[in-house]
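Step one of this worksheet: look at the structure below.
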Amino acid sequence: MRLRKKWWARPEMEASSLVITNPKEYKGKWMEEFKNNNSIHLELGCGRGGFMQEKALKNPNINYVAVDLKDEILIYVLRKLKEKEIENVRIVPLNIAFISEVFEKDEIEKIYINFCNPWPKLRHNKRRLTHNKFLDEYKKFLKGQGEIWFKTDDIGLFEDSQEYFKESGFSIEYITYDLHKSDFKDNIMTEYETKFTSMGMKTMFLIAKLK
């Protein structure tokens, strides 16, 4: 669905200290930005920010970076954070293809990828955020033994991703084909997940650990 351009979004975002519009200048300096030594978790494709908001509220001693491309989406993330007075999140407008230019080695402890585009056509597979091409980029800044938490409702993407993780030096620590009927207790639902679970959608989930 094409988003209607919100010309007012960028000025509002640039006026907030929660939004980092020049993230490449922060490489290796994220702890300085957060003004503490807490671990940093990264969400790739944060959407409207419901997941990130809940994570940050439940874990005030963890710092979070929320990345997405469109100002038209990220402005809603910013407003959620301001409404709840959340200070342990930074919003980054960025094409994820450039993510390794933003973080230094060992700077990120955990990555969340929730319901990314499945890119089902073979010629588009390399655009998947779990493809080996992207995993190799994440390994440049993910700590040893760091984790990627991955959720999807697309069976093809889920099964292909298991192979991508294994080929890229990750071990699968947890996996379920029906998250909401599993024994996993630490799930926070995204807006998409909430809507479509009520319509019968099954969510698949895995935790991959960097060896």
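The backbone N, Cα and C atoms fix where each Cβ goes, and this holds for glycine too.
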Given Swiss-Prot lists Lys121, Thr190, Glu191, Tyr192, Glu193 for substrate, the same-site residue among Asp71, Asp153, Asp154: Asp153
Proximal residue to Thr190 (substrate binding site) among binding-site residues Glu43, Asp68, Asn95, Asn117 (C-alpha distance): Glu43
Alpha-carbon distance [Asn117 (S-adenosyl-L-methionine binding site); Asp153 (substrate binding site)] in Å: 10
For the region 'Interaction with RNA' (123-128), distant same-chain residues with Cβ under 8 A (at least six beyond the ends): 116-117, 134, 157, 160-161, 164
